[in-house]
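Visitor: Once you've had a glance at the structure underneath, I'll fire off some questions.
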Amino acid sequence: MGRQIHFVVDPQGWCCMGLIIFVWLYNTIFIPKVILFPHYEEGHISVMAILCYYFCSLFCIASLLRASVADPGKLPENPKIPITEQEYWELCNKCNMMRPKRSHHCSRCGHCVRRMDHHCPWINNCVGEDNHWLFLQLCFYTQILSSYTLILDFCHYYYFLPLKREKGDIFVFRHELALLRISAFMGLIILGGISGLFYTQLMGIFTDTTSIEKMSNCCEDISRPRKPWQQTFSEVFGTRWKILWFIPFRQRQPLRVPYHFANHI
């Protein structure tokens, strides 16, 4: 589960995801070139500052790419329904296929997704049972990378010692102010948007409720927490080892979670 490559043909999604990759690429290229490497060469910062920046950048792009191509939990055409859970399955009125409860039909992708949270154009994919953990990692590392970039932009002018500029890229030297202003503007926009989204996602996991369920208000029973937060997070990330919740370079092994609600067990 979750290992199949999932590719959505959606020009709007391609544009949104391309914009995110452009912002990531811009900061990954120019922030080290304008700030990190020059200040490191003059002894103002340590090599750990550079390594931490590339570490955050790597984890950010890895979670983005994996979330965009991971199977979110697409249901097969002829799903095998366990006998003990048949009463917790229902018929989709759009694709006329049986699906477990808490699944939803995505009109953009054209199929049902297990425990679908929402369709995100920024990853050009649905956020469902099998890739929700990657989407959370994307939000988390995007916030860290944006915050780190804004801190470096600020420190470059108001904290670090002035650079001697004995050597360096002429283009970067002439357009340094414009490059950093663009970086700061993009960092503020992304940090503001992602922070709100990340908070919403965390509250949804704490209450064991998807975004679609919140908007539809179809099940009042699931609007309150029923499980410890460690359990709900472990179900999303597929492991109880909390350190693994932060690593995007692994395969998710889903815990045995029934499709029906916890109070029905």
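Cβ atoms here come from the backbone N, Cα and C positions, even for glycine.
Take a look at what TrEMBL says about it:
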type	residues	note
TRANSMEM	12-31	transmembrane segment
TRANSMEM	43-65	transmembrane segment
DOMAIN	88-216	domain 'Palmitoyltransferase DHHC'
TRANSMEM	138-159	transmembrane segment
TRANSMEM	179-199	transmembrane segment
Visitor: Taking a Cβ cut-off under 8 Å, which residues six or more beyond the ends of the transmembrane segment (12-31) line up next to it in the same chain?
Guide: 53-54, 57, 60-61, 64, 68, 121-125, 145, 149, 152-153, 172, 179, 182-183, 186-187, 190
Visitor: Looking only at the domain 'Palmitoyltransferase DHHC' (88-216), what are its DSSP counts of helix, strand and coil residues?
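Guide: Residue counts in helix, strand and coil order: 70 helix, 18 strand, 41 coil.
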Visitor: For the domain 'Palmitoyltransferase DHHC' (88-216), would you mind checking the mean pLDDT of the predicted model?
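Guide: Looking only at the domain 'Palmitoyltransferase DHHC' (88-216), pLDDT averages out to 88.
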